[in-house]
Amino acid sequence: MDDLKVLIGKVATGATLTREEAAAAFNSMMSGEATPSQMGGLLMALRVRGETVDEITGAVSAMRSMMLRVKAPVDAVDVVGTGGDGSGSVNVSTCASFIVAGAGVTVAKHGNRALSSRSGAADCLAALGIRIDLTPEQVGRCINEAGIGFMFAPAHHPAMKNVGPTRVELATRTIFNLLGPLSNPAGVRRQMVGVFSRQWVQPLAQVLKNHGSESAWVVHGSDGLDEITLAGPTFVAALEDGNIRTFEVTPEDAGLERADGDALKGGDAEANAASLRAVLEGKPGAFRDVALLNAAAALIVAGKAKTLKEGVALGAKSLDGGGALNKLKQLIAVSNG
(Lines of atoms letter the chains of each structure in order from A; the text may use other names.)
(Lines give C-alpha, C1' and ligand atoms only; values in the text may rest on other atoms or scores of the structure.)
Protein backbone atom coordinates (compact mmCIF):
# COMPACT_ATOMS: atom_id res chain seq x y z
CA MET A 1 0.00 0.00 0.00
CA ASP A 2 2.83 2.40 0.87
CA ASP A 3 4.45 1.53 -2.45
CA LEU A 4 1.22 2.46 -4.22
CA LYS A 5 1.16 5.85 -2.47
CA VAL A 6 4.66 6.50 -3.81
CA LEU A 7 3.57 5.56 -7.35
CA ILE A 8 0.45 7.76 -7.14
CA GLY A 9 2.65 10.63 -5.99
CA LYS A 10 4.98 10.03 -8.90
CA VAL A 11 2.16 10.12 -11.46
CA ALA A 12 0.65 13.19 -9.78
CA THR A 13 3.83 15.16 -10.56
CA GLY A 14 3.53 14.25 -14.24
CA ALA A 15 6.27 11.60 -14.14
CA THR A 16 5.79 8.30 -15.95
CA LEU A 17 5.89 4.79 -14.49
CA THR A 18 8.17 2.01 -15.66
CA ARG A 19 6.58 -1.25 -16.83
CA GLU A 20 7.41 -2.84 -13.48
CA GLU A 21 5.93 0.06 -11.50
CA ALA A 22 2.75 0.01 -13.59
CA ALA A 23 2.42 -3.75 -13.13
CA ALA A 24 2.82 -3.32 -9.35
CA ALA A 25 0.23 -0.52 -9.23
CA PHE A 26 -2.34 -2.48 -11.23
CA ASN A 27 -1.67 -5.65 -9.24
CA SER A 28 -2.48 -3.62 -6.13
CA MET A 29 -5.73 -2.37 -7.66
CA MET A 30 -6.93 -5.69 -9.06
CA SER A 31 -6.03 -7.66 -5.93
CA GLY A 32 -8.25 -5.36 -3.87
CA GLU A 33 -5.39 -3.93 -1.79
CA ALA A 34 -5.81 -0.40 -3.11
CA THR A 35 -8.61 1.77 -1.71
CA PRO A 36 -11.26 3.21 -4.08
CA SER A 37 -9.77 6.70 -3.59
CA GLN A 38 -6.31 5.47 -4.54
CA MET A 39 -7.67 3.72 -7.63
CA GLY A 40 -9.62 6.77 -8.75
CA GLY A 41 -6.67 9.08 -8.16
CA LEU A 42 -4.24 6.94 -10.12
CA LEU A 43 -6.63 6.23 -13.00
CA MET A 44 -7.52 9.90 -13.47
CA ALA A 45 -3.91 11.10 -13.13
CA LEU A 46 -2.92 8.66 -15.88
CA ARG A 47 -5.88 9.68 -18.04
CA VAL A 48 -5.20 13.42 -17.76
CA ARG A 49 -1.47 13.06 -18.45
CA GLY A 50 -1.91 10.35 -21.08
CA GLU A 51 -0.86 6.73 -20.57
CA THR A 52 2.49 5.64 -22.02
CA VAL A 53 3.28 2.41 -23.87
CA ASP A 54 5.30 1.17 -20.87
CA GLU A 55 2.43 1.91 -18.47
CA ILE A 56 -0.09 0.07 -20.64
CA THR A 57 2.38 -2.81 -21.13
CA GLY A 58 2.79 -3.12 -17.34
CA ALA A 59 -0.96 -2.90 -16.72
CA VAL A 60 -1.57 -5.66 -19.29
CA SER A 61 1.03 -7.81 -17.51
CA ALA A 62 -0.91 -7.43 -14.26
CA MET A 63 -4.23 -8.20 -15.92
CA ARG A 64 -2.89 -11.25 -17.75
CA SER A 65 -1.30 -12.60 -14.56
CA MET A 66 -4.72 -12.76 -12.87
CA MET A 67 -6.94 -13.97 -15.71
CA LEU A 68 -8.45 -17.46 -15.96
CA ARG A 69 -6.83 -18.96 -19.04
CA VAL A 70 -8.34 -20.92 -21.91
CA LYS A 71 -6.52 -23.52 -24.00
CA ALA A 72 -6.53 -22.71 -27.72
CA PRO A 73 -4.39 -23.55 -30.76
CA VAL A 74 -1.31 -21.35 -31.19
CA ASP A 75 -2.59 -20.01 -34.52
CA ALA A 76 -5.97 -18.84 -33.15
CA VAL A 77 -7.00 -15.22 -33.81
CA ASP A 78 -9.11 -12.65 -31.97
CA VAL A 79 -11.23 -10.00 -33.68
CA VAL A 80 -12.08 -7.42 -31.03
CA GLY A 81 -12.88 -3.76 -30.48
CA THR A 82 -12.44 -1.55 -27.44
CA GLY A 83 -16.02 -0.36 -27.79
CA GLY A 84 -16.76 3.13 -26.56
CA ASP A 85 -16.78 4.68 -30.04
CA GLY A 86 -20.31 6.00 -29.44
CA SER A 87 -21.48 4.86 -32.87
CA GLY A 88 -24.25 2.49 -31.76
CA SER A 89 -23.40 0.34 -34.77
CA VAL A 90 -24.19 -3.28 -35.55
CA ASN A 91 -21.81 -5.91 -34.13
CA VAL A 92 -19.15 -5.83 -36.83
CA SER A 93 -16.29 -7.73 -35.17
CA THR A 94 -18.70 -10.44 -33.96
CA CYS A 95 -20.00 -11.00 -37.49
CA ALA A 96 -16.46 -10.89 -38.89
CA SER A 97 -15.44 -13.57 -36.37
CA PHE A 98 -17.91 -16.08 -37.83
CA ILE A 99 -16.74 -15.26 -41.36
CA VAL A 100 -13.11 -15.85 -40.34
CA ALA A 101 -14.00 -19.13 -38.60
CA GLY A 102 -15.96 -20.22 -41.68
CA ALA A 103 -12.81 -19.62 -43.74
CA GLY A 104 -10.97 -22.22 -41.67
CA VAL A 105 -9.21 -20.04 -39.08
CA THR A 106 -9.68 -20.83 -35.37
CA VAL A 107 -11.20 -17.86 -33.53
CA ALA A 108 -10.84 -17.26 -29.77
CA LYS A 109 -12.98 -14.15 -29.32
CA HIS A 110 -12.84 -12.06 -26.17
CA GLY A 111 -15.57 -9.54 -25.43
CA ASN A 112 -18.03 -7.96 -23.05
CA ARG A 113 -21.47 -6.46 -22.79
CA ALA A 114 -22.22 -3.06 -24.30
CA LEU A 115 -20.07 -0.09 -23.34
CA SER A 116 -21.63 2.77 -25.32
CA SER A 117 -23.94 0.98 -27.75
CA ARG A 118 -27.12 -0.93 -26.96
CA SER A 119 -25.50 -4.24 -27.82
CA GLY A 120 -21.97 -5.46 -27.15
CA ALA A 121 -20.55 -8.75 -28.43
CA ALA A 122 -21.81 -10.65 -25.38
CA ASP A 123 -25.33 -9.22 -25.68
CA CYS A 124 -25.51 -10.09 -29.37
CA LEU A 125 -24.16 -13.62 -28.96
CA ALA A 126 -26.56 -14.35 -26.10
CA ALA A 127 -29.45 -13.15 -28.28
CA LEU A 128 -28.28 -15.56 -31.01
CA GLY A 129 -28.72 -18.44 -28.56
CA ILE A 130 -25.08 -18.90 -27.56
CA ARG A 131 -24.32 -19.56 -23.89
CA ILE A 132 -21.78 -17.04 -22.68
CA ASP A 133 -21.52 -17.98 -18.98
CA LEU A 134 -19.07 -20.80 -19.61
CA THR A 135 -16.06 -22.06 -17.65
CA PRO A 136 -12.60 -21.80 -19.26
CA GLU A 137 -12.78 -25.56 -19.94
CA GLN A 138 -16.15 -25.22 -21.70
CA VAL A 139 -14.87 -22.34 -23.84
CA GLY A 140 -11.85 -24.46 -24.75
CA ARG A 141 -14.23 -27.19 -25.91
CA CYS A 142 -16.10 -24.68 -28.11
CA ILE A 143 -12.83 -23.55 -29.68
CA ASN A 144 -11.70 -27.12 -30.34
CA GLU A 145 -15.03 -28.56 -31.52
CA ALA A 146 -16.66 -25.57 -33.24
CA GLY A 147 -13.50 -23.74 -34.32
CA ILE A 148 -14.77 -20.64 -32.55
CA GLY A 149 -15.32 -19.76 -28.90
CA PHE A 150 -16.33 -16.69 -26.93
CA MET A 151 -14.70 -15.63 -23.68
CA PHE A 152 -17.00 -13.37 -21.66
CA ALA A 153 -14.58 -10.90 -20.04
CA PRO A 154 -16.04 -10.81 -16.49
CA ALA A 155 -15.89 -14.62 -16.27
CA HIS A 156 -12.18 -14.69 -17.14
CA HIS A 157 -11.05 -11.55 -15.31
CA PRO A 158 -12.58 -11.99 -11.83
CA ALA A 159 -10.04 -9.55 -10.35
CA MET A 160 -11.76 -6.77 -12.31
CA LYS A 161 -14.59 -6.86 -9.77
CA ASN A 162 -12.25 -4.98 -7.42
CA VAL A 163 -11.99 -2.00 -9.77
CA GLY A 164 -15.52 -2.16 -11.20
CA PRO A 165 -17.23 0.16 -8.68
CA THR A 166 -14.52 2.81 -9.07
CA ARG A 167 -14.80 2.69 -12.85
CA VAL A 168 -18.58 3.09 -12.64
CA GLU A 169 -18.26 6.07 -10.29
CA LEU A 170 -15.66 7.77 -12.50
CA ALA A 171 -18.02 7.35 -15.48
CA THR A 172 -15.28 8.23 -17.96
CA ARG A 173 -12.81 6.30 -20.07
CA THR A 174 -9.74 5.02 -18.25
CA ILE A 175 -6.80 2.81 -19.16
CA PHE A 176 -9.06 -0.18 -18.44
CA ASN A 177 -10.97 0.52 -21.67
CA LEU A 178 -7.74 -0.35 -23.51
CA LEU A 179 -6.69 -3.37 -21.44
CA GLY A 180 -9.52 -5.81 -22.24
CA PRO A 181 -8.73 -6.29 -25.95
CA LEU A 182 -5.04 -6.72 -25.05
CA SER A 183 -5.73 -9.40 -22.42
CA ASN A 184 -7.20 -12.35 -24.33
CA PRO A 185 -7.52 -15.32 -21.92
CA ALA A 186 -6.55 -17.77 -24.69
CA GLY A 187 -3.21 -15.98 -25.07
CA VAL A 188 -3.69 -15.47 -28.82
CA ARG A 189 -0.72 -14.00 -30.66
CA ARG A 190 -2.68 -12.90 -33.73
CA GLN A 191 -5.08 -10.05 -33.21
CA MET A 192 -7.27 -7.63 -35.11
CA VAL A 193 -8.00 -4.84 -32.60
CA GLY A 194 -10.25 -1.85 -33.17
CA VAL A 195 -9.75 1.23 -30.96
CA PHE A 196 -11.99 4.21 -30.15
CA SER A 197 -9.36 6.87 -30.87
CA ARG A 198 -6.65 7.35 -33.47
CA GLN A 199 -4.12 8.27 -30.75
CA TRP A 200 -4.01 4.63 -29.59
CA VAL A 201 -3.46 2.89 -32.94
CA GLN A 202 0.34 2.85 -32.98
CA PRO A 203 0.89 2.60 -29.18
CA LEU A 204 -1.35 -0.46 -28.82
CA ALA A 205 0.46 -2.21 -31.67
CA GLN A 206 3.66 -1.60 -29.69
CA VAL A 207 2.06 -3.01 -26.51
CA LEU A 208 1.02 -6.16 -28.41
CA LYS A 209 4.57 -6.49 -29.72
CA ASN A 210 5.91 -6.10 -26.16
CA HIS A 211 3.67 -8.98 -25.10
CA GLY A 212 4.82 -11.34 -27.82
CA SER A 213 2.14 -10.98 -30.49
CA GLU A 214 3.32 -12.33 -33.84
CA SER A 215 0.87 -10.60 -36.15
CA ALA A 216 -1.67 -7.85 -35.50
CA TRP A 217 -3.64 -5.00 -37.01
CA VAL A 218 -4.74 -2.16 -34.73
CA VAL A 219 -7.32 0.01 -36.50
CA HIS A 220 -9.43 3.15 -36.14
CA GLY A 221 -11.89 4.42 -38.73
CA SER A 222 -11.67 8.06 -39.81
CA ASP A 223 -15.37 8.39 -38.87
CA GLY A 224 -14.57 7.32 -35.30
CA LEU A 225 -15.49 3.64 -35.66
CA ASP A 226 -13.48 1.12 -33.62
CA GLU A 227 -13.39 -1.07 -36.74
CA ILE A 228 -12.26 -0.71 -40.34
CA THR A 229 -14.89 1.64 -41.73
CA LEU A 230 -16.79 1.77 -45.02
CA ALA A 231 -17.21 5.55 -44.72
CA GLY A 232 -13.64 6.54 -45.67
CA PRO A 233 -10.03 5.80 -44.75
CA THR A 234 -9.03 3.69 -41.74
CA PHE A 235 -5.79 4.23 -39.83
CA VAL A 236 -3.82 1.01 -39.34
CA ALA A 237 -0.73 -0.04 -37.39
CA ALA A 238 0.29 -3.52 -38.55
CA LEU A 239 2.70 -5.72 -36.61
CA GLU A 240 4.48 -8.03 -39.05
CA ASP A 241 7.77 -9.91 -38.53
CA GLY A 242 8.60 -7.85 -35.46
CA ASN A 243 8.12 -4.52 -37.25
CA ILE A 244 5.26 -2.02 -36.94
CA ARG A 245 4.09 -0.31 -40.10
CA THR A 246 1.47 2.47 -40.19
CA PHE A 247 -0.71 3.17 -43.20
CA GLU A 248 -4.28 3.88 -44.31
CA VAL A 249 -6.74 1.58 -46.07
CA THR A 250 -9.99 2.39 -47.85
CA PRO A 251 -12.99 0.26 -48.88
CA GLU A 252 -11.82 0.65 -52.48
CA ASP A 253 -8.56 -1.15 -51.59
CA ALA A 254 -10.71 -4.19 -50.88
CA GLY A 255 -12.93 -3.75 -53.94
CA LEU A 256 -15.88 -2.56 -51.84
CA GLU A 257 -18.13 0.49 -52.12
CA ARG A 258 -18.25 3.21 -49.49
CA ALA A 259 -21.25 3.55 -47.20
CA ASP A 260 -21.92 6.07 -44.44
CA GLY A 261 -22.42 5.21 -40.80
CA ASP A 262 -26.21 5.47 -40.98
CA ALA A 263 -26.26 2.27 -43.03
CA LEU A 264 -24.70 0.46 -40.06
CA LYS A 265 -26.85 1.82 -37.23
CA GLY A 266 -27.67 -0.95 -34.80
CA GLY A 267 -30.49 -1.55 -32.36
CA ASP A 268 -30.84 -3.65 -29.25
CA ALA A 269 -29.29 -7.10 -28.87
CA GLU A 270 -32.19 -8.89 -30.55
CA ALA A 271 -32.20 -6.54 -33.54
CA ASN A 272 -28.42 -6.77 -33.95
CA ALA A 273 -28.54 -10.56 -33.65
CA ALA A 274 -31.18 -10.73 -36.39
CA SER A 275 -29.07 -8.46 -38.63
CA LEU A 276 -25.98 -10.60 -38.04
CA ARG A 277 -27.81 -13.83 -38.79
CA ALA A 278 -29.20 -12.30 -41.99
CA VAL A 279 -25.65 -11.54 -43.18
CA LEU A 280 -24.56 -15.11 -42.40
CA GLU A 281 -27.59 -16.33 -44.38
CA GLY A 282 -26.47 -14.34 -47.43
CA LYS A 283 -28.14 -10.93 -47.17
CA PRO A 284 -26.25 -8.28 -49.20
CA GLY A 285 -25.65 -4.70 -48.10
CA ALA A 286 -23.43 -2.47 -45.98
CA PHE A 287 -23.33 -4.81 -42.95
CA ARG A 288 -22.10 -7.68 -45.13
CA ASP A 289 -19.50 -5.40 -46.73
CA VAL A 290 -18.09 -3.98 -43.48
CA ALA A 291 -18.00 -7.46 -41.92
CA LEU A 292 -16.13 -8.76 -44.98
CA LEU A 293 -13.70 -5.83 -44.81
CA ASN A 294 -12.85 -6.52 -41.16
CA ALA A 295 -12.73 -10.28 -41.71
CA ALA A 296 -10.31 -9.68 -44.59
CA ALA A 297 -7.89 -7.89 -42.26
CA ALA A 298 -8.17 -10.72 -39.73
CA LEU A 299 -7.42 -13.23 -42.50
CA ILE A 300 -4.28 -11.23 -43.35
CA VAL A 301 -3.28 -11.34 -39.66
CA ALA A 302 -3.94 -15.11 -39.67
CA GLY A 303 -1.65 -15.55 -42.68
CA LYS A 304 -4.52 -16.77 -44.89
CA ALA A 305 -4.61 -13.74 -47.19
CA LYS A 306 -1.96 -11.40 -48.57
CA THR A 307 -4.24 -8.48 -49.49
CA LEU A 308 -7.62 -7.09 -48.46
CA LYS A 309 -9.09 -8.07 -51.85
CA GLU A 310 -7.91 -11.64 -51.35
CA GLY A 311 -9.33 -11.61 -47.82
CA VAL A 312 -12.70 -10.31 -49.02
CA ALA A 313 -12.84 -13.10 -51.63
CA LEU A 314 -12.11 -15.72 -48.95
CA GLY A 315 -14.71 -14.17 -46.65
CA ALA A 316 -17.33 -14.09 -49.41
CA LYS A 317 -16.71 -17.79 -49.99
CA SER A 318 -17.20 -18.40 -46.26
CA LEU A 319 -20.54 -16.58 -46.37
CA ASP A 320 -21.87 -17.80 -49.70
CA GLY A 321 -20.77 -21.39 -49.16
CA GLY A 322 -22.49 -21.56 -45.77
CA GLY A 323 -19.28 -21.96 -43.75
CA ALA A 324 -19.86 -18.88 -41.58
CA LEU A 325 -23.48 -19.80 -40.81
CA ASN A 326 -22.40 -23.33 -39.99
CA LYS A 327 -19.91 -21.96 -37.44
CA LEU A 328 -22.74 -20.07 -35.74
CA LYS A 329 -24.85 -23.23 -35.57
CA GLN A 330 -21.91 -25.24 -34.22
CA LEU A 331 -21.15 -22.67 -31.53
CA ILE A 332 -24.80 -22.60 -30.43
CA ALA A 333 -24.79 -26.41 -30.18
CA VAL A 334 -21.46 -26.86 -28.40
CA SER A 335 -21.94 -23.94 -25.97
CA ASN A 336 -25.31 -25.36 -24.89
CA GLY A 337 -24.07 -28.96 -24.80
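Any Cβ shown, glycine's included, is placed from N, Cα and C.
Annotated features, as they stand in Swiss-Prot:
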BINDING   Gly81, Asn112  anthranilate 1 binding site
BINDING   Gly81, 84-85, Ser89, 91-94, 109-117, Ala121  5-phospho-alpha-D-ribose 1-diphosphate binding site
BINDING   Ser93, Glu227  Mg(2+) 1 binding site
BINDING   Arg167  anthranilate 2 binding site
BINDING   Asp226, Glu227  Mg(2+) 2 binding site
Assigned element (helix, strand, coil) containing His110 (5-phospho-alpha-D-ribose 1-diphosphate binding site), judged by DSSP: strand
C-beta crowding around His110 (5-phospho-alpha-D-ribose 1-diphosphate binding site), within 10 angstroms: 27
Per DSSP, three-state class assigned to the residue listed as 'anthranilate 2 binding site': helix
Sparsest Cβ surroundings (other CB atoms within 10 Å) among the binding-site residues Ser93, Asn112: Asn112
Alpha-carbon distance [Glu227 (Mg(2+) 1 binding site); Ser89 (5-phospho-alpha-D-ribose 1-diphosphate binding site)] in Å: 10
By Cα-Cα distance, the member of binding-site residues Gly81, Arg167, Asp226, Glu227 nearest His110 (5-phospho-alpha-D-ribose 1-diphosphate binding site): Gly81
Distance [Cα-Cα, Å, rounded] between Gly81 (anthranilate 1 binding site) and Asp226 (Mg(2+) 2 binding site): 6
Integer Å distance between the CA atoms belonging to Arg113 (5-phospho-alpha-D-ribose 1-diphosphate binding site) and the residue listed as 'anthranilate 2 binding site': 15
